[in-house]
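Annotated in Swiss-Prot:
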ACT_SITE  Cys326  active site, nucleophile
ACT_SITE  His874  active site, proton acceptor
COMPBIAS  64-83  compositional bias 'Polar residues'
COMPBIAS  648-667  compositional bias 'Basic and acidic residues'
DOMAIN    15-145  domain 'DUSP'
DOMAIN    317-916  domain 'USP'
REGION    64-87  region 'Disordered'
REGION    648-690  region 'Disordered'
Amino acid sequence: MAEVSMGSSSSSTDLSPEEERVFIRDIAIAAEANSKEGDTFYLITQRWWQEWIEYVNQDQPCNTNDGSSLSEHCDSPGSSTLKKPSRIDNSDLIYDSSLEDPSNTSEIIETLQEGRDYVLLPQEVWNQLRSWYGGGPTLARRVISSGLSQTELAVEVYPLRLQLLLMPKSDHSAIRISKKETIRELHRRACEIFDLDSEHVRIWDYYGHQKYSLMNDLDKTLDDANLQMDQDILVEVLDINGTLSSAHIQSAQENGLVDGDSTSILIEPSKSSLAAAGGFSSSRNAFRTGSVEVSQSFDNTYSSTGVTTRGSTAGLTGLLNLGNTCFMNSAIQCLVHTPEFASYFQEDYHQEINWQNPLGMVGELALAFGDLLRKLWAPGRTPIAPRPFKAKLARFAPQFSGYNQHDSQELLAFLLDGLHEDLNRVKHKPYINSRDADGRPDEEVADEFWKNHIARNDSIIVDVCQGQYKSTLVCPICNKVSVTFDPFMYLSLPLQFNTTRAITVTVFSCDKTALPSTITVNVSKQGRCRDLIQALTNACSLKQSEELKLAEIRNNFIHRLFEDPLIPLSSIKDDDHLAAYKLSKSSENTTLLRLVLRRRDQKAGERESTVQLKPCGTPLLSSASCGDALTKGKIHCLVQNMLSPFRREESVGKKGNSDSSIPERRSARFNNTEEEDKVGGLKKAKKSNSSDLGASKLSLQLIDEDNKTINLPDNEAEAMKLPSSATVTIYLDWTPELSGMYDITCLESLPEVLKYGPTTKKARSEPLSLYACLEAFLREEPLVPDEMWFCPQCNERRQASKKLDLWRLPEVLVIHLKRFSYSRSMKHKLETFVNFPIHDLDLTKYVANKNLSQPQLYELYALTNHYGGMGSGHYTAHIKLLDDSRWYNFDDSHISHINEDDVKSGAAYVLFYRRKSDAGGKMT
């Protein structure tokens, strides 16, 4: 490996790709080793980072989506010679990229996922890359401490955004502040923003527009105060007597900030201990309340979900989404509606809390879950805000802190394990030395293993959810057989791997009479841009004289052209909008012409002179030779040719009515279908006659690549040559007259690369059986090389074959469908539709213990669903209430009836089955 030593001032143009890689690798290693609280990290778009990684590596593809460290990627071999990356462009990470925020507080898009959308770089690495490549905007974020011991470090990508409401002036302001700042700092900043005297100001936790608690513990952090993203903070200004004046109260009443018969007073804490949010305490001080001042009416501050039910059915209370917490809400609802847990946590379970268990959370997690369960089963339909529970969860599992989307199954696994340890009836776990089977009967060995397990693990979670499987290992050399019987909490079943993905592209033709069409093609998930272009070429029957230019459309502009055929398709997101333009094959001296439409954006009351022109619709693309002499009239003809497919019928054009409501306009929308589909309703245009609209009627502005204006000749016949730049942007001001002649409704929005929705009938016609998934899970297979077994007879590690069998099944069987797949080169989600039984899941033949006399039958009562892609999307739950035998959809705070036929879908993720009773086949 070549050693490189140079100052930070070195230009990247002086370095080879290998030297850049080594230089950044060494900086990254040093920075990661010395990271500490208070350091600054910087977000960089995953797309640019991926380009740079591939540029500086030489042997094979490299992808950063594997969770490994930054320095590891700088040691990953790459592939063929690639084009040097252009300027860093982080515009896809923020809402408004028109201006760079000099304070480095640009609003980052809320749904970003690390490793999918961005990479975090230490300050030293960011500074070096930016000095080489330039660009931005700069997105700096602080390192904070997290976890129970506050020793785990994390980058606070999304600081709290709080809405400050000033009473009585009814002013408001939004601020960003770290959750590690104190209430004192929040108080100071509120006074600074509203220009207030701090001695006469107090602030309230005003979550849900109710006074939840007075924030008077100035040294408490905002994290400890359980503040949530985008919640309200009430800022009260008091008079010299410490109260609001009558005039102020009247003003506040008019704005709904206080009740009509009240003044601003301290709200009394809840008198209920166990029913309040974190109100239990013991002589051991094992449970510390998070907030003392709790409003009695807090849980009644939200409107009903509107569910109409028979009688007074309980259990139909929703959970408010605190910001990407649907993953948590769906899992909680399934556990809460498990009958055994509902009964247990509504009774006095506190005597079973294990206060000394070092593997537990000293009872805090169990208490928080039990309190939440009681509220969800209480009478009424008012949605609950699970703030106290989320705070406890984040404290003991920092990976679930913040407001990023997480895996619902990972949350479920942690929660079940945490509840088990908090409720473990075994106070002192004995040491047990497990014996080998040594040829003994399976029944004897299985019972021995189970008794040993129960001697250390005995809780309601074990009683309800844990089963036992038989694991058989066979040495391939000496044939030594090792049999163990291990407990399981859930079964993670593999799904068939799909190596392709569907990508939808809108194709624009160079034929002046052809309308745009949407085409969906299947390509390899690990493919390159050239593979997508080839698939589109085949699908749209491209002529020999034509070529496709593929582009990503964003904010009514061509955000990027996919000119490099080696760009990985993984850089194309499912919610991107792609366009492909059919053009005549170009020579080296061809200039691309981008036609961008822009419309006057006049707001109410705005003066005519200040009205701005804003881009609209989808850009169009054409080409022209740099050597051709073009007149102003020819340029206008080029523009009219690009617009000709959207020309209205002559009768409509003559009327010039821009507000036409003909059916053709109303139906001119793209449909995301599985085959080529012409835009409905628009008539194919007749051959365009450029004389229909004189050149003087088109308002054009030409801009070159350097953002410099290209002056058009005043004389229409005077010839000009296009500059040698690769692209020229033509801005066309869209006028009412043009609207009367052309219908560009279909250009207003393009379909996304992949639209998620209910499973199609085609997908349902050939489903994957849940039994097939189970058989794949139980199938004998060799261990992977990284997990080789130590054979006691050979006294060496061997790649043994492993066979799993079910032996003991739990009362509640949780089945996880492994939709998310991870590898070093990629992450992806499997959209496979799995046909799972609802009423009679029969596992009898899969249980190796043949001494069981009863059939092993289960009935589905709950499941979680995931809609969307990796690291994003949305979770819901389908749950059957056993007391009324009806199915409901739990979508955060909204609950609605669903038919049993709608329970199955391609979104099903975690299934909850309950054992049927012996008599009658019904669940107990």
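Glycine is treated like the rest: Cβ placed from N, Cα and C.
If you take the Cα of His874 (active site, proton acceptor) and the Cα of the residue listed as 'active site, nucleophile', they are about 7 angstrom apart, rounded to a whole number. Around the residue listed as 'active site, nucleophile', a 10 Å sphere centred on its CB holds 25 further CB atoms from the protein chains shown.
The Cβ of His874 (active site, proton acceptor) has 18 neighbouring Cβ atoms from other residues within 10 Å, across all protein chains displayed.
His874 (active site, proton acceptor) falls within a strand segment according to DSSP. Taking the domain 'DUSP' (15-145) as a whole, pLDDT averages 77 in the prediction. Annotation note: the residue listed as 'active site, nucleophile' sits in a helical segment as assigned by DSSP.
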